[in-house]
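Asker: If you scroll down you'll find the structure; I have some questions about it.
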Amino acid sequence: MCGGFTCSKNALIALNILYVMIGFLLIGVGVYARAASVVTNLPIVGGILACGVILICISMLGLAGAVKHHQVMLFFYMIILFMLFLIQFSIASSCLAVNAEQQQQFAEQGWKTVPPNLREQVQEKFLCCGFNDTIDHTASISNAVTVNSDPSCEDVNKQCCVDSQDPKCHCGPCGPLLEDKIDYAFKLCGGLGIFFSFTEVLAVFLARRYRNQHDPCYLPARAVFPHNYQY
């Protein structure tokens, strides 16, 4: 019967197996991104790997508790998963609630904190210079890279102005070119976060229900030793 002990056990095991697969997928994406140099920023790759490892650890705890019907494991599994739900739901809701102006502010702060070589890769890929129009393009051509400054735009300006005779010709800023991608990333992260946070609520509900159910393989003591009880 669905909703009984066996059904709850199998559903909880299946859900945690799904979490394990997602965890290994995150680890694989992080390793591939690092090996293929898709993402050269080590904190980003480290964050992806950490999320995968944490998810696998939590899933293993849930699997062990579900297979053994272990009360303590299931209790800590519920607590950890519920705390993860609160954090993930809050972050996902914030991502969906951020407007375009706030997205640009966050992106500009991130632009200033990433290494200059990563900013240079972005400029070469999108043929842009700096994040907004406040950059001094003349200085960027003649001066070396300084702390918290944009990389030199000399090479990308040559590609942008290959057919121009204007000596002041330069590439446009990267901010407007990245606006759609930044908005898509916020919406995607928020949507996926909301979706998986509700699966965590489902896992907590299943764990609580399964934890309070009696294993039919074990008979109560009254049925095994009826002569020890007085009626």
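For all residues, glycine too, the Cβ spot is worked out from N, Cα and C.
Here the structure is a predicted model, which means the values were calculated and not measured.
Got these off TrEMBL a minute ago, pasting:
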type	residues	note
TRANSMEM	12-32	transmembrane segment
TRANSMEM	44-67	transmembrane segment
TRANSMEM	74-92	transmembrane segment
DISULFID	Cys128-Cys161	disulfide bond
TRANSMEM	184-206	transmembrane segment
Asker: Using a 10 Å radius around its CB, how many other CB atoms surround Cys128 (disulfide bond)?
Answerer: 21
Asker: Restricting to the same chain and to residues at least six past its boundaries, which positions have a Cβ under 8 Å from a Cβ of the transmembrane segment (12-32)?
Answerer: 38, 45-46, 48-49, 51-56, 58-60, 62-63, 66-67, 199, 202-203, 206-207, 210
Asker: Quick test of the contact rule: Cβ under 8 Å, at least six residues beyond the ends. What residues does that give for the transmembrane segment (44-67)?
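Answerer: Distant Cβ neighbours of the transmembrane segment (44-67) are 9, 12-13, 15-17, 19-20, 22-27, 29-31, 33-34, 73-74, 76-77, 80-81, 84, 203, 207, 210.
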Asker: Can you tell me how many other Cβ atoms are located within 10 Å of the Cβ belonging to Cys161 (disulfide bond)?
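Answerer: Step by step: centre on the Cβ of Cys161 (disulfide bond), count other Cβ atoms within 10 Å, giving 15.
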